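Only one structure is covered here, and it is reproduced in the block below.
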Amino acid sequence: MSLPQRPGKTSPRREETSAFREPSRRRRRESDSLSNNDPTSPRHHRHHRSHSSRHQHDIDEERAEEGGIRRKRSLVKPERGRMDPSHPNYLYRQKTQNMPTYNPMTGNEPLIHEEGEAETNSTPSMDSKRKDALYGAHGNVNKPMERVPTRHRSKKRKGSRKISKREAAAEKRRRKAMEQVRPPSLWTTYCSVITFWAPDFVLKCFGMPQKAQRSAWREKIGLISIILMIAAFVGFLTFGFTATVCGTPPTRLKINEIGSGYMIFHGQAYDLTKSTHPAAAGIPDMTNVLYDLPHKYGGQDGSFFFQEVNGACKGLITRTENSDIPTNSNGDLAWYFPCHAFNQDGSSEPNTTVSYYNGWACHTSGSARKSFYSLKNSGDVYFTWEDTKNTSRKLAVYSGNVLDLNLLNWFDDTQVNYPTKFKDLRDNDDIRGVDLTYYFQTGEDKQIGKCLSQIIKVGSIDTDTVGCIASQVVLYVSLIFILSIVIVKFAFALLFQWFLAPRFAAQKTSMGAVDSKARNQQIEDWSNDIYRPGPRLADPVPGDRMSKRASFLPTTSRFSSPYTVSNGGKQKPQWVTMASQNSTTRLVPPASGTTPSIYRQSHNGLGNVSVDNSRLNPSASRTSLVQDSRYSTVIPDSEGIGSAGYVHELVVPQPPPDWQPYGFPLAHAMCLVTCYSEGEEGIRTTLDSIALTDYPNSHKSIVVICDGIIKGKGEEFSTPDIVLRMMRDPIIPPEEVEAFSYVAVATGSKRHNMAKVYAGFYDYGEHSIIPVEKQQRVPMMIIVKCGTPAEATAAKPGNRGKRDSQIILMSFLQKVMFDERMTELEYEMFNGLLHVTGIPPDFYEVVLMVDADTKVFPDSLTHMISAMVKDPEVMGLCGETKIANKTDSWVTMIQVFEYFVSHHQSKAFESVFGGVTCLPGCFSMYRIKAPKGGQNYWVPILANPDIVEHYSENVVDTLHKKNLLLLGEDRYLSTLMLRTFPKRKQIFVPQAVCKTVVPDKFMVLLSQRRRWINSTVHNLMELVLVRDLCGTFCFSMQFVIFVELVGTVVLPAAISFTIYVVVSSIIKQPVQIIPLVLLALILGLPGVLVVVTAHRLVYVLWMLVYLISLPIWNFVLPTYAYWKFDDFSWGDTRKTAGEKDKGHEDGEGEFDSSKITMKRWRDFEKDRRLRMQAGWQLPVGGHPPMPYEPYPEY
């Protein structure tokens, strides 16, 4: 077994040696941090949970009091980070802290700090004692080095059993008291404030008598309020932001498009259709100047009728000596230009004639000016920049005003004097269409610019306000942002499909080439019928033995690390599996003269398999649990594990490690099938599909866990009875199998559960449609949760949920890998697997999790294991799930394309970064342990204590936890893996295919998607807090998860906004182009993906069906799910006979831990052998059971 070194454990001599080579500041920091894990410290406590965090807190306080530098949370090396319970690897560190450590391959002594050792210079006698303690009495370097317990610790262990019950009761009372005085959290306070209008007595009247129900309802309203606020913000950003910052733009009329009902004065248009002019020379009383006079003024510019004089132009424009323009005592002029109108297009020539009298039509009187200023303008006249470049006019811009420099020609040189710069501007053709604001910034030039704006302004330039510009910027940034996400997801999905996915899959299987059209057609035909068996397997691919030609040049030196596996320069990388690291004599060998076909033996070719008793030499390796030297005293050579009592006579022999039928080393795989209430036909086809996979049956075994004694609706037999009929050649007759206890994932008395273990080989049935020559002999183990005797008369005895079934296997694998105390059930599981496979359980590296209603394509298992072996960083993966009942109803039709897009776009995109956020529980694979460093070093992944502990959480007291653990446990397992191992990968393997049946009734679909959507929201809330995922800032998986979370909660609002935009674009003008283009890209790119990846045009039709059903997917289902946030039932997904609506979280009574026996495997096995020798009839443990302790002492 791979046993990592204890972190944080350093010998005193190593500390003293390193101290002379390092600065004092660094030495002081390290001594402080290392003292946290020093077992000789007076603060050392047997409960590791409180030891680390509390002791480090005391150290920080002491250093602060002494005036030292307080330890900061930032810029701390990972190995010095604080190991508090919130750390992702906290439990793993606690488990490995006091584990036995093997002699490293470097030749140096392990750094083990013995308890009670004085920090003094060693003597030869002490060195010899230390060596004996480390390497054993006989100096066997292959034996593990265990800590020798002190007398004080031995006394504590002896007395711990007597006070365990009393301590447990006291701890329970203390926790209950703490819960009563626990201050409310910020979230609880917010939910209480937001639901102040619904006091508890009102909620009791509406069917919420329990406090937990009312609390869940308040949390639901709190979440809905946040969703509404996010939706309101998105709506404001979409529709209200522009109206707020830009405001309602004033009415503006474009030059040369102003009708005859208007006149223009100083760049503004006035509607004079209903106006009348008083009597004047040449103008009758009550006359409309637009139509009633001989000269029609409609559409003309009358700025010279009401000239702005004596303003900024005073001093610049003056009266000549012989001028007829009247002035006052201040020298103010009455007018500058002749009082005539001109065409708005600037085509009028200067007119200096005078009608009736001097100053006629100049409106210099106060009453005339007052009447003009009282008029309300209809809008500004605006010019575009293209209009200012018109060659027929000489237009320029100053401070947003359009100046017609041709109007300077209307000056009468005999009447007024004006600056020569006016003439220079008039005669300069280079300033046409130029903004002159910069040139008229200071001094006299600035006054000239203002003067020109008052006398020759003909309009304004077409510009937006700052608010409008800001709204446009926000619009385009949002557009670019959304388009970037959509296009990048599309491009990366294609990148994964074309270039990355083929690297993971096996190059060739029994079904032919991976990318062959024939295989794709076989998959489509196979997936159209749920009960259709897989295609007939072709002849096995010829085995491949890797070339081991030695290199002439050396590949290592004295400086090479012994932990590094050399690849020999540019040679093919050496993939590592458990079998490839162990000698072939340690496994069940094939008979002499056998061919690779023996590793796929069928039931026709049963015969005696020779078993070598010497294959499990304890001193040969340190990889396997049962081969460890610790068991040499328990299992003597005369009764080796290979005896008839341990290994089934029909066990499938193990091939040599270098046999590679598919181009990669074979890894041992468990195929976990969880059953609840499925019928015989469904379970039969599922197990047939797994047993018939082309992966060698020497490296796969089927583990079926039945979740209680359940009878499906309309079934004749219960599910366990159906499954037991599918096993042959059991090691123990089914009627003689006993039930054993284990700790279930439940509360109250249900935490104690019992199960039976059956081990044998898969039976294809008497009337199987599978040809006999194709029936492989596959090891099989069945675990039936039958419940305690107290629940024998209950409706569903033993039922604890799917998560409990998964934890049975996960906890078993953890205890096997860490050699922890196990329950009686786990001991029977260990022996059962060993009986039917001939290999110890810790040889298994991966586990395939399949639902009982899911059928696997024959070469899917091969492709999945290929990805695991080729990339040790992959810790989880999933394949594509196809729908078998596509055309059963309109409900199934709308799901076809949704399944396709979720795999080939969403999961393919996430696979590029190795962060698939959801590995579906119906068809996924997890890595049990991964190779780390050099030879025979492995680290737990799925068997990691942090994964098992958090996934087996039984205190589910908040809405968030209930949605994670009761509704979406499969997705939460993926979340836990990413949260604990953010640097490892979870990917999608499109070559691995399965099929399943989806809901064909809308109410069932509604119930299923309610669970999935709520689970998605809460799992994304967990993942968005993981900071160590791939990438940084906007280019990171964390940001992608945040966008996905926001996109999920605003789905109802988004589809509502989309429908509004489409309808408004049809019935209103102008058409909103940008939102429509964006909508077309979002909905159209998946269609391109279909054509590129699916190679079947029929999926385009499925896409159209999906688009029609978008209101259901994006509005009906999410809205229903959000309103049902506090509903934790499974609804109508699967019914059983006589089922009552009661969840797995309901628990009554008290948990009695004394009913569960927990011991290490070697202790169980020693007692068993003692009973066999003495003929005793005692319990399995051989003596009264040991109380269950959740935190064992090492």
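Placed from the backbone N, Cα and C atoms, the Cβ positions cover glycine too.
It should be emphasised that the depicted structure is a prediction, and the values quoted were computed from it without experimental measurement.
Annotation comment: Swiss-Prot describes 1-91 (among others) as region 'Disordered'.
According to Swiss-Prot, the feature compositional bias 'Basic and acidic residues' maps to 12-23 (among others).
Marked as compositional bias 'Basic residues' by Swiss-Prot: 42-54 (among others).
For 55-69 (among others), the entry in Swiss-Prot reads compositional bias 'Basic and acidic residues'.
As annotated by Swiss-Prot, compositional bias 'Basic and acidic residues' applies to 76-85 (among others).
Positions annotated as region 'Disordered' by Swiss-Prot: 136-177 (among others).
Per Swiss-Prot, the feature compositional bias 'Basic residues' maps to 150-164 (among others).
As annotated by Swiss-Prot, transmembrane segment applies to 221-241 (among others).
In three-state terms derived from DSSP, N351 (N-linked glycosylation site) belongs to neither a helical nor a strand segment and is classed as coil. Look at Swiss-Prot and you will find N351 (among others) tagged as N-linked glycosylation site, backed by sequence analysis.
Around N390 (N-linked glycosylation site), taking its Cβ as the centre, 16 other Cβ atoms fall within 10 Å, counting all chains. What Swiss-Prot lists as N-linked glycosylation site is N390 (among others).
Annotated transmembrane segment per Swiss-Prot: 476-496 (among others), in sequence order, evidence recorded as sequence analysis.
According to Swiss-Prot, the feature N-linked glycosylation site maps to N582 (among others).
Feature annotation from Swiss-Prot assigns N-linked glycosylation site to N608 (among others).
For N885 (N-linked glycosylation site), other Cβ atoms within 10 Å of its Cβ number 20. In the three-state DSSP scheme, N885 (N-linked glycosylation site) is classed as coil. As annotated by Swiss-Prot, N-linked glycosylation site applies to N885 (among others), with the evidence given as sequence analysis.
Counting only residues at least six positions away in the same chain, the Cβ atoms of N963, L967, G968, A1121, Y1122, K1124, F1125 sit under 8 Å from the Cβ of N1014 (N-linked glycosylation site). According to DSSP, N1014 (N-linked glycosylation site) sits within a helical segment. What Swiss-Prot lists as N-linked glycosylation site is N1014 (among others).
For the transmembrane segment (1039-1059), the list of distant contacts is 226-227, 230-231, 234-235, 238-239, 485, 910, 913, 917, 1013, 1016-1017, 1020-1021, 1023-1024, 1029, 1031, 1033, 1079, 1110-1111, 1114-1115, 1118-1119, 1122: same-chain residues at least six beyond its ends, Cβ to Cβ under 8 Å. As annotated by Swiss-Prot, transmembrane segment applies to 1039-1059 (among others).
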CB within-chain contacts under 8 A for N351 (N-linked glycosylation site), separation at least 6
P338, H340, W410
